[in-house]
């Protein structure tokens with residue numbers, strides 16, 4: 001994986017990230033990604049939250065065509081819970097981009113992130129779009145600026161790029177601090193490829209890749225009003241990979257972006273992988289992993305480097321899944337602290353002082369298996385989320 | 001409500017709380033409550049966690065008779081995830097109490113609280129039972145000792161007593177820091193009454209009272225391996241109240257115990273009431289209230305005295321319930337900060353500097369309504385749950 005390249009890594013894309021003045025700090029806050037084709041196939045997945053921000057409602061509508069010419073994103077305001085006026089703001093932003101690029105607004109997706117409930121400063125947004133159109137470029141620097149323009153509580157831009165040996169590649173950026181359904185902060189991701197793809201292939205591949213990556217990072221259980229993952233294909237490489245090849249590489253790039261989200265989550269001091277094996281089904285394994293990942297007693301114990309397996313057993317016992325408590329084993333950093341329902345090896349043997357913690361929960365029931373990535377619950381998490389409005 | 005009396009408030013009960021040496025600190029750690037009759041009707045509700053502690057499995061079995069002579073409780077160890085040996089320990093404890101009182105083990109419920117996964121020091125437990133039988137008394141002091149013997153991270157004993165004008169009363173104690181399904185720590189409660197009740201009435205009344213009280217305190221969403229609420233009726237007053245009268249007073253005493261749990265929850269700095277109105281059904285109102293109560297972003301914002309209604313809107317949007325985002329209003333401490341889907345009054349007007357915070361979520365959809373009590377997520381919560389194994 002190459003983390004120095006992102007959305008401008010694949011051929012056929014230009015990008016920009018500029019300071020439109022939406023953020024009082026003067027930091028970059030408006031990003032534009034443009035697909036110069038020749039293809040326009042695109043797909044998107046969106047938050048399942050019933051309270052959807054205006055840009056999500058807009059982009060869902062646009063994506064019904066499975067075709068995109070551009071994506072415009074802003075930080076500094078989520079444009080959520082802003083009513084019909086907020087939706088008009090999103091529409092006006094798409095129109096402005098379309099005007100600048102000479103395409104239709106229906107070919108422009110919009111994403112926003114920041115505080116909920118405030119209208120965007122539209123004067124700044126619209127003149128920012130003009131600036132961004134002028135700044136569009138296809139080099140690495142432009143890709144980095146694009147990745148930077150969407151940051152909120154992120155401490156660093158997060159991008160990834162990988163080439164396939166057959167002459168096409170996938171690149172992208174992400175912002176946020178959670179799963180596809182994050183709670184800590186909105187998660188936005190734009191992924192580009194110069195592979196030549198039809199609309200069905202790109203859509204199916206995105207759903208499969210997010211299911212195995214973005215959907216399996218769970219920082220604190222929620223799903224924001226704005227979460228969006230978009231993938232755009234320019235076809236500029238002239239190569240048409242098989243659905244399997246494309247899905248595999250897309251999953252790889254998505255996993256690298258997710259790993260960076262985990263490492264930069266608010267207040268993170270531990271990067272935790274919770275693997276559930278022996279569940280009745282894969283869905284039940286995911287469900288159990290998420291219950292444990294979201295449990296505040298588990299998360300605080302791991303923050304304290306305490307291999308408190310009793311809290312893990314208690315947490316997973318709440319799952320709506322087939323569990324035989326007498327068959328349950330828990331392995332923490334290689335030490336089988338719970339064995340077939342009762343105490344196993346001395347938990348003092350499990351060394352959790354490092355940053356990485358591996359928890360394996362073996363239900364010894366069926367063949368369902370899944371890994372959920374999460375983080376600990378630290379003082380810094382509480383500080384960051386109580387001291388500032390975000 | 002009188003908080004100086006508890007389980008020995010009603011006639012026909014004796015209690016004791018003694019130091020059996022289970023806790024290294026030498027604090028009181030074994031409690032015995034005895035029903036001297038003439039009645040023995042009793043009921044219990046238990047954790048829904050699939051990982052159930054040995055005393056829960058035992059007491060569920062015992063309660064099938066809906067008749068109890070005594071309850072023995074220990075702190076200093078949960079006796080959960082301890083296998084068949086742990087169950088034998090519980091059985092032996094009940095046998096020991098039965099022997100001391102001259103009744104059958106099947107008339108003795110057992111409760112435990114403390115660290116999961118460790119066997120109890122049975123020598124100390126069994127000789128502690130002998131001491132407790134000797135110490136049994138019916139005065140207020142004995143009731144207070146009983147309430148003290150079950151404490152773990154509780155900072156104070158919690159009891160409540162109230163007399164009905166027709167000459168009977170209800171008293172009880174509680175320990176823990178959460179709902180009937182708490183996650184912070186096991187919740188145990190023993191409630192006594194000298195009303196004359198049949199088995200069906202006491203069972204139905206307990207389920208109705210817990211549904212409206214213990215089930216509506218949600219500190220952090222879970223349910224422990226040991227949670228238990230028991231109610232015992234001696235009939236010593238000779239008065240047989242109607243089912244409605246008994247349920248009403250039981251609900252009142254339970255609500256007072258729950259209010260004390262909320263006020264003594266780990267790390268609490270805010271006592272928060274989340275009222276959902278206008279939901280499609282009462283169940284949906286409860287579900288939405290709990291989703292908001294369990295949201296770490298909401299809990300940290302309120303810890304920071306920040307009326308961040310956007311986080312509340314985001315949290316409730318995850319509920320599996322009928323919600324029209326355009327009709328949603330949120331009122332925090334009397335200020336309508338979100339009005340019909342968008343920003344309402346200036347949120348700066350909502351003063352959250354005090355300890356009590358009232359959040360009203362109006363869905364303007366149906367007639368379902370419920371109030372969930374919760375607490376904030378503070379530095380002290382993280383400290384208490386990361387620095388010590390519990």
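Numbering starts at 1 and runs along the chain as displayed.
Glycine too: its Cβ is placed from the backbone N, Cα and C atoms.
Taken from TrEMBL, the feature active site, nucleophile applies to A:186. Mapped onto three states, the DSSP output places residue A:186 (active site, nucleophile) in coil. Residues near residue A:186 (active site, nucleophile) in space but far in sequence (CB under 8 A, at least 6 apart, same chain), listed by position: A:78, A:113, A:114, A:152, A:175, A:176, A:224, A:225, A:226, A:227.
Residues or ranges marked as substrate binding site in TrEMBL: A:152, A:175, A:186, A:266, A:385, A:390. Residue A:152 (substrate binding site) carries neither a helix nor a strand DSSP state and counts as coil.
Within 10 Å of the C-beta of residue A:266 (substrate binding site) there are 25 other C-beta atoms, taking all protein chains into account. Annotation: A:385 carries the greatest number of neighbouring Cβ atoms among the binding-site residues A:152, A:385 [cut-off 10 Å, Cβ to Cβ].
Listed recorded positions A:152, A:175, A:186, A:266 compared with chain B at a CB cut-off under 8 A give none as close ones.
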